[in-house]
Ligand SMILES: Nc1ncnc2c1ncn2[C@@H]1O[C@H](COP(=O)(O)OP(=O)(O)OP(=O)(O)O)[C@@H](O)[C@H]1O
Ligand SMILES: O=C(O)C1=C[C@@H](O)[C@@H](O)[C@H](O)C1
Ligand SMILES: [Mg+2]
């Protein structure tokens, strides 16, 4: 007889600034927990048929946030899954409300590391403004206020960050 895995744990949501590693760590975590991954930027690109870098400019931020909210709400709260957010998704109050039953992890990152990791800023429109530090300072209290778990930045490869995250997750996320 085969037994199917019961996926009762609350959805893990990764939030944090651009380049914090939400997508990278989300993929690795999904592989480790053998769980489906949603990435809100990818969902938006699929829904619109347009790259984020172009879409942001075409729509402007308010309309982009509306679309982002709809894409996130469609998958928010699904037990046993992982959701990597876009860096600014959490600034939208309605999006925060959609995530109220999730386990939210804030991946911290400094402005300097963010800039270094982003590399080509054309894919992240807001990285072009030259006001990265102010933007991060403005968002920091929001990231912090929604998070059940805050993972401080360390100079390490993604595999090491994944290990720290796995060790810090509550027992419900640990395989029996
Ligand atoms: N410890 C680490 N954790 C995560 N990513 C790391 C780490 N060290 C280096 N990186 C690199 O930093 C980059 C993180 O980019 P990633 O797209 O995952 O960020 P993001 O948080 O999803 O950004 P965005 O908000 O734009 O979606 C990747 O190129 C990854 O290889
Ligand atoms: O920090 C932000 O506001 C953004 C981050 C990216 O993930 C994308 O969602 C988009 O470039 C906006
Ligand atoms: Mg990402």
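Heads up, the Cβ atoms here are built off N, Cα and C, so glycines get one too.
What TrEMBL lists as ATP binding site is 19, 20, 21, 22, 23, 24, 124. DSSP assigns residue 21 (ATP binding site) to coil in the three-state reduction, placing it in neither a helix nor a strand. Contacts of residue 21 (ATP binding site) defined by a Cβ separation under 8 A and a same-chain sequence distance of 6+ are given as 14, 107, 109, 117, 158, 161, in order along the sequence.
Around the Cβ of residue 23 (ATP binding site), the number of neighbouring Cβ atoms within 10 Å comes to 18. Taken from TrEMBL, the feature Mg(2+) binding site applies to 23.
Residues or ranges marked as substrate binding site by TrEMBL: 41, 65, 87, 139. The Cβ of residue 65 (substrate binding site) lies under 8 Å from the Cβ of 88, 89, 91, 92, 95, each of these being in the same chain and 6 or more residues away along the sequence. Reduced to three states, the DSSP call for residue 65 (substrate binding site) is helix.
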CB contacts for residue 139 (substrate binding site) [other CB atoms within 10 A, all chains]:
17
Assuming the binding residues for substrate are exactly those in the record, 41, 65, 87, 139, what is the maximum CA-CA distance in angstrom, rounded?
18
Check residue 41 (substrate binding site) against DSSP and tell me helix, strand or coil, would you?
helix
